[in-house]
Amino acid sequence: MPKQLITYEHYQESEWNTFLPDEADPVKGAQDIIQTAYESYGDSLVYACSFGAESMVLIDLISKVKPNAKLVFLDTDLHFQETYDLIDRVKEKYPSLQIEMKRPELTLEEQSEQHGSALWRRNPDQCCYIRKIKPLEDVLNGATAWISGLRREQSPSRANTQFFNKDNRFKSVKVCPLIYWTHDDVWNYIKSNDLPYNPLHDQNYPSIGCIPCTNPVEQGGDERAGRWANFKKTECGLHTT
Ligand code: SF4
């Protein structure tokens, strides 16, 4: 496993993804990736945290490697109260973590004035750009790498995700320690370690984002079926080029 700092400009997928942790031991694999990422990128590594189920796993694993790690939550002003409450619980459990609540330049009122009300109903891509993508661009300006909780089994668009990805969208390296984790792996880790999590997960919300764009999913349904349910859109744009 290479330990030297690798940057977006010098990214060589063939070099950085030859080390594949044992798929039968996803916890150890993720810990190895997290350790290597912090050894390589240090304080230049940012975790863009959604506070979903995968986030609870990553927060716990990261806190063991880098107790004062920098986390960023893209606060669109449109999240469920349960999500904000969960963030408070995480701050209590992991007081050393640095959690930044990154908000868009436009308030909801300003967005309505400039683009019309309920932009998410007419043009969710533009709404996501204003409230999520541009803020993350600002956060990652100067950061060498960022961490994401993507898992390969979540959707076909995520099936080829590597541990270290050349991220052309944000001109950085995207580190994804959980690519081999299954849904059951995530929840076994949460339960066995008694981690906090969003109570909406127990009310048929497997994937939780902004209130207007998140619906519950039928038991056994696709994990991401409740996101932007009335559109062809399946990703907010953070993970597409
Ligand atoms: Fe807007 Fe919906 Fe995207 Fe949230 S998820 S930023 S409400 S379009």
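Including glycine, each Cβ sits where the backbone N, Cα and C put it.
Please treat TrEMBL annotations as automatic predictions, because they have not gone through curation.
Annotated in TrEMBL:
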type: DOMAIN; residues: 45-216; note: domain 'Phosphoadenosine phosphosulphate reductase'
type: BINDING; residues: CYS127, CYS128, CYS210, CYS213; note: [4Fe-4S] cluster binding site
type: ACT_SITE; residues: CYS236; note: active site, nucleophile
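Looking only at the domain 'Phosphoadenosine phosphosulphate reductase' (45-216), the predicted model's pLDDT averages out at 94.
CYS210 ([4Fe-4S] cluster binding site) falls within a strand segment according to DSSP. A C-beta separation below 8 Å, combined with a sequence spacing of at least six in one chain, links CYS210 ([4Fe-4S] cluster binding site) to THR76, LEU78, HIS79, TRP120, ARG131.
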